[in-house]
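According to TrEMBL:
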TRANSMEM  36-61  transmembrane segment
DOMAIN    54-304  domain 'G-protein coupled receptors family 1 profile'
TRANSMEM  73-91  transmembrane segment
TRANSMEM  154-176  transmembrane segment
TRANSMEM  209-238  transmembrane segment
TRANSMEM  250-271  transmembrane segment
TRANSMEM  283-304  transmembrane segment
Amino acid sequence: MQKPQLLVPVIDTSNGSLVHPAYFLLVGIPGLGPTIHFWLAFPLCFLYALATLGNLTIVLIIRMERCLHEPMYLFLAMLSTIDIVLSSITMPKMASLFLMGIQEIEFNVCLAQMFCIHALSAMESAVLLAMAFDRFVAICHPLRHASVLTGPTVAKIGLAALTRGFVFFFPLPFILKRLSYCRTRTVTHSFCLHQDIMKLSCTDTRVNVVYGLFIILSVMGVDSLFIGFSYILILWAVLELSSPGAALKAFNTCISHLCAVLVFYVPLIGLSVVHRLGGPTSLLHVVMANTYLLLPPVVNPLVYGAKTKEIRSIVLRVFSQGSK
């Protein structure tokens, strides 16, 4: 039986034909055999179920309880919605890879997954910035909080986060399609990332490198700087409070958000650094990428559920009523 053609010429250019593979091959975790991958699928499925259940619970609670229709909780609902979509885009394919050894992912499907991962990450970064701004106004200008962060303003911020993530990352699939892929088809992650796909090209990738660096700096880089600046101002305002108890209470409202920021940005910065250092993709790259994508959807609902009194009390009330 004749094997299917794996490399497909798609466009004739002045320099020849662009060559795209019919599909890429996902590796999972390099160096681990199919048996270890199989057993890793079960904790992965558990994490996916935990992330989906936790984030969906937060979204439903905030939607049903009118007392939670405040900026902080509305931003949290946006964050949880993004985490649900992000984990649903990556984890099921990873589970099929680990559980059944299905490595193939079609070329266009891989590009679509890559776009969704990067765009949703940018949206999550924007929501984390909005949450930092909410905490800044609530602590530094409490009397103006209700007038500054109104319902329409929160909706506009959410729309701006959605639009920015889409606009900045929409060109990525197209600048990857302008490349030829005549090297290996192996993507050394469990999902598709721009840096990984770009490395498989045998043509000039300077446009991809420059644009990728531009968007990471102008989106996540700018967001992280503004978040850091917001917390400097918050810390300054907290230290000026005369009562230690009031200062601790004010800063305690930021703990959950600080945890979410660290869980998101530390793996993201680490992943960007190890990719920019060059060299072949290593186990470190894979671990950082998996941590960057899998950790926030699981950790965020746990942290907010444990540290936010209003959400915790509602969850306990629902479970206590269900046990009667």
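Note that Cβ sites are derived from N, Cα and C of the backbone, with glycine treated the same way.
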Message = With contact taken as 3 or more Cβ pairs under 8 angstroms (pairs 6 or more apart in sequence), are the transmembrane segment (283-304) and the transmembrane segment (73-91) in contact?
response = yes
Query = Against which stretches of its own chain does the transmembrane segment (73-91) lie, if we need a Cβ under 8 Å and a gap of at least six residues from its ends?
reply = 44-45, 47-48, 51-52, 54-56, 58-59, 62-63, 113, 116-117, 120-121, 123-124, 127-128, 130-131, 134, 154, 157-158, 161, 190-191, 260, 293-294, 296-297, 300-301, 304, 308, 310-311
Key: Stretch-averaged pLDDT - the domain 'G-protein coupled receptors family 1 profile' (54-304)   = 86
